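Straight from TrEMBL, the features:
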type     : residues : note
COILED   : 256-310  : coiled coil
TRANSMEM : 6-28     : transmembrane segment
TRANSMEM : 40-60    : transmembrane segment
TRANSMEM : 90-111   : transmembrane segment
TRANSMEM : 123-148  : transmembrane segment
TRANSMEM : 207-240  : transmembrane segment
TRANSMEM : 332-354  : transmembrane segment
TRANSMEM : 374-402  : transmembrane segment
TRANSMEM : 422-447  : transmembrane segment
TRANSMEM : 475-494  : transmembrane segment
Amino acid sequence: MGDFNLALVIVAIVVCVIVFISSIYLLVNYQHPDDANQAYFPKFVVVFGLSIAMISILMLPADVANRHACRHSIYNGACNLTLPMKDLWLAVYIIDAVLVFFIIPFAMFFYEGDQDKTLGKRIKSALIWVVTTAVVCALVLGILYGVIGKVDFSVRHLSSATTTFPTSWQFSNNQPCIGNTARQCSAYSANAASEKTWTMRTTFPEYVVALATVVGSVLFTIFGGVGIACLPLGLITAFIRRPKAVITRSQYIKEATELGKKARELKKAADALHQEERSGAKGRKWRKNVKAVEKELLQLEEDVNLLEEMYPQGEKAETAWAFTVLGYLAKFILGILGLIVSVAWIAHIIIYLLVDPPLSPFLNEVFIKLDDVWGLLGTAAFAFFCFYLLLAVIAGAMMLGLKLVFITIHPMKWGATLMNSFLFNVGLILLCSISVIQFCATAFGYYAQATAAQEIFGHTLQSLRGIKYLYKYNVFQIGFVVLAGLTFLYYIAFGWRRKKPSGRFQLST
């Protein structure tokens, strides 16, 4: 057991280092050239936030492995676990909440501040917003914790009469208890009236984690439910709508002229909106027009990229076209694999969570059998399914951002992502990562049993006064499956069609 514990600690340290390096790699390769050699504080927040998000997802598999260190113990207290997982969970999620509600908003306000202002004024403006948010959050949390910050556990008082100690043990379905005359124990046959509610106050850190989980669960249900369908189907429809052949030079010139005309119109509209912003005319119509221009700009960028794919230029044009074909083929293959994973997720939710009692452990059993093949194979598959949910959340946010007016668009593009978009997506990942962990701890409760995560996200969260009914009646799981089904139907009906820019925006002046 000692060797297992040492190996677990070494793996945990190595994984943390890899996660940190991966976060820096993503920042360097996704950042916009305009942010090079500047915006160091937002970049630090992005790297730190991404690291915390990835570590939090990997902590659940680590929690399972940590419990396996004592798999031969009769009870948990008979073994000193390798890692203090409960303390680590609370520490990570308190940091998560501070980043989401304070640090990231400050970094976004500071980054998006008027560049004409001095550094001090930008910091002051960002601090005003963050301090106001902090005061409101502290008041809300304090009031809620003082009034309903308790957990209600349903307990049943059990008792039975005494009997002489038997010389032999004979148990069966007809006689589950000691004694030849009694066919049932007194405690075994306790009536419903003996059930009572045991109330106790939860700790404040656990309460903060619980409320953050509820907020994240709402976003996770919406974005994740949409994303788990649109992530693989988006890749497949991209393959279906791929350019089939290289266009002629005359076609290229014609299309490029049209795109240039559209670009000039968008620049004129953006300049007018910027002028309105400076004059203080930032009303509802202005925000609607900004949203419309953003959508048209994204469509324009997509059209430009597609035109470049259809008419590769330069000395290696044939090679570029070959890579384009291979790229779409890779999207199709990844889309099929992703569709299999998405269907497995939906099937598991229905079979294991929505049906009572569960029809089958399903993926829990798969992970256990993979662990029997090789110690960390099931844990790796478990981590992959958790990460896939996070990818689904990002995909869902991107899709809804293009469809709904009240959701801000923050696309992530290789070599062209501004820091405000980076910060927004890191905040979304952090907020939803709590819910992903809670969701996975519930969905894979059989595989992740007796872990610290189940203690926090299972017993405490599902018994917390005021919100326990959301989990008792599977509100989030049902919403997740319904939205996934609706998104699937949407892609079947409309997803294969290529959208054309509408140009529906009118300036206020």
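Including glycine, each Cβ sits where the backbone N, Cα and C put it.
Predicted automatically and left uncurated, TrEMBL annotations should be read as such.
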Cβ-Cβ under 8 Å with the transmembrane segment (475-494): same-chain residues at least 6 beyond its ends: 217-218, 220-222, 224-226, 228-230, 233-234, 237, 342, 346, 349-350, 353-354, 435, 439, 469
Contact yes or no, the transmembrane segment (374-402) and the transmembrane segment (40-60), 3+ Cβ pairs under 8 Å, gap 6+: yes
The transmembrane segment (422-447) in contact with the transmembrane segment (40-60), cutoff 8 A, at least 3 CB pairs, sep 6+: yes
When counting Cβ pairs under 8 Å to the transmembrane segment (207-240), the leader among 40-60, 90-111, 123-148, 332-354: 332-354
PLDDT averaged over every residue in the coiled coil (256-310): 80
